[in-house]
Each structure stands twice: as structure tokens, then as C-alpha cells.
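Taken straight from TrEMBL:
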DOMAIN    14-150  domain 'SLC41A/MgtE integral membrane'
TRANSMEM  55-80  transmembrane segment
TRANSMEM  92-119  transmembrane segment
TRANSMEM  131-156  transmembrane segment
TRANSMEM  162-181  transmembrane segment
TRANSMEM  193-213  transmembrane segment
TRANSMEM  225-245  transmembrane segment
DOMAIN    227-353  domain 'SLC41A/MgtE integral membrane'
TRANSMEM  257-282  transmembrane segment
TRANSMEM  294-324  transmembrane segment
TRANSMEM  336-359  transmembrane segment
Amino acid sequence: WTVFTNITQLFIMVPVLLGLKGNLEMNLASRMSTAANLGDLDVPRSQRLLVWGNLALLQLQALSVSCLAGLLSVIMGLVTSGNGHAFSYHRSMLVITSAMICAALSSALLGLCMCVLCIVCRRRGINPDNVATPIAASFGDLITLAVLAITSHLLYPMQDTPLPTVLFVIMVCSLPAWFWLIRKNELVRDTMLDGWVPILLAMAISSLAGLVLERYIDRYAGMAVLVPVLNGVSGNLCCVFASRISTALHARRSENYWTIGIVLWLLNLPVQWPFLGVVYAFRLGHGSVTVGMFLLYTLASMLLVSCRCVAALLVASHWIVLALWRRSLDPDNYALPYITAIGDVAGTSLLVLVFFILYGSSTSTAT
């Protein structure tokens, strides 16, 4: 995409935008899963209020965090370039407007899908905690990236026109309307102020993973293709576990968390191994999957999941959710951002350690 080549701030914005938006959508999936398990989606009136109220809340949050992500990418672009005179109003407005349009469109699509999915799961007797959150995490990034690429590509030829500024003003002016709709919704209005602090703190924590990746990506070039699946799979398992605990707390019922943790731990490697096969078959990255890489990657997966999805899932995630619950803070809005952010840092750091063990301090392009 030419626009990404010419406007490097878009590259800077991608991880920040994906992290912020991903947390919003996972929070929505967790809230709707809890509502489904409590039977709130069985009543037509409450179902309608919950669906439309949460979609309005998602729009308010998505527009706000995407504007923040765009501003941060512009500032970081100026800092890294070391040239304050490189600032361009039109280019900056293109970045911010593209982020906000992307967030609005992808959030509307994903949010509606999550709501429908939770309703269907409830009617089919399937626990949405096991389905909605992983799908929100997985497809959320894919759809957001696609919409961002298309939006910025379409706006790029018109970056010197007033159009990006006009679109930006329209979206900012829509925020009071979303606020008003949420305030009128008796089932969602109390959620409007929840969750902002953990989402912003999670962005700061996740930036540490970006710093680690940026530091070692040139030395271990093949690492880039492994980071998303290693962090993504384990992060999804963490979120499923936390969502299950949150639902149990809301429903005032107990669950055997040890059994859940063991099942989630066993799900990791069956997903990790086929991924290595895909990397090898399609020659993704810059090299081939060696036997040593396969064994060490498996070791990394087992260590990561045993630490995060057994120890962390049964200790840290469980502790975080219970601690939030005791402080009258809804875990559906607070827990997942912290868990995914810590998981990103732990997963990226462990993968760097694996590459260091395999290749030492020498530069490697193996995948």
C-alpha cells in the first residue's frame, strides 16, 4: 500500500490502534457473554437495550481511543524523525481521520457480530465465554487492519483537500450524540465511565512489548512472524479463563478452575504446531523451520502456557478478577486489558530468549 510507504505514522499507529480497539471489543464480548449466561438476553426488552446500548458505547470508546492513537502516532513520528519541521497538518489529519473512520466502521461490524454471536450461543446452549472473546481478539485485528488500509488508501489522494478535516469534525461532533444515547440506556449507562484507566494503562504496558520487538527484530528477523500467534493464542486462552471467572462471579456460582486451566493448557500446542507447518509450507519469514527451532518453539509454547495459562491463568488472572470484584469493579471492563498487555510483554520476551538460546547474539533470519 503506497499510503503506508509514504506516511510512516500509519505504521507507528497500527500496534497502538489494534491494542486499544482490541481491548474494547474483548470487553464488549465479555460483557455480552456475562449477560447471556445470566439470562438477560432472553428478555426482548433487555436484549434490545443491551445490544444497542453496548454498540453505542463501543462507538463512543472507539472514536475516542482512535483519535488518541492517531495523535500519539503523529507525536511519536515527530520524535523519532528528530525534525520538528517535518510536521504536516494535512498528513497528520489524514492519519487521525483514517484511524477514527476505521475504528467506527470496524467497531460497528465487529460489535454487531459479537452481540449476534452471544445471542445465538445462548439459544444453542453454548457458553459464549468460550467463543465470543477469542473471536473478538482474532478477527478484530484482521478486520481493523483491512479497514484501516482501505480507508487511508481512499483518503490519501485527497489529503491536501478539506475532506479529512471535515470528516474529523463530523466524527468529533457525533461524540455528544453517542454520549446522550448511552445516558438514556438504563442497562449500559453505568458502564460508560468504567474501563478507561485499564485500557490506557494496558497501552503503556503493551508498548514495552513493542520496544522489545523493535530492539531485537533486526537481529532475529524471523521472530516477527512468530510473535502474533504465540502471544495471540496464549492471550486468547487467558481471556477465556478470565471471562469464565467473571461470569461465575456475576452468576454467584462456583466452577472448577483447575479443570478449566488444564483444558486451556492442553489446547495450546495443537494450535502452535500447525502454525509452524504453515510457516514452513508457505515459506513465511526469511528462512525454514529447523528441527531445533521446532523443539525450542515447542518449549517456548509450553513454558509460556504453563506460566500464563496454568500459573498465570490460575493465579494472576484469578487474583486480578477476584481483586477487582472485591473492589466492586466489574472484571468484564477491567481485567482483560491488563491480562493481554502483560501477556504481550511476557510472550515477546520469552520468544527473544528462545531465539537467543538457538542463535546466540549473532544475526539470524531463520523463522
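Cβ atoms are placed via backbone N, Cα and C, with glycine included.
Packing against the transmembrane segment (92-119) from elsewhere in the chain are residues 7, 9-10, 13, 17, 21, 24-25, 28-29, 32-33, 35-36, 41, 47, 50-51, 54-55, 58-59, 62-63, 65-67, 69-71, 73-74, 128, 131-132, 135-136, 139-140, 143-144, 147-148, 151-152, 155-156, 159, 164-165, 167-168, 171: each is 6 or more residues past its ends and has a CB under 8 Å from a CB in it. Among the listed stretches 55-80, 162-181, 336-359, the one sharing the most Cβ pairs under 8 Å with the transmembrane segment (193-213) is 336-359. Sequence-distant neighbours of the transmembrane segment (162-181) (same chain, 6+ residues past either end, Cβ-Cβ under 8 Å): 52-53, 56-57, 59-60, 63-64, 67, 90, 93-94, 96-97, 100-101, 104, 155, 192.
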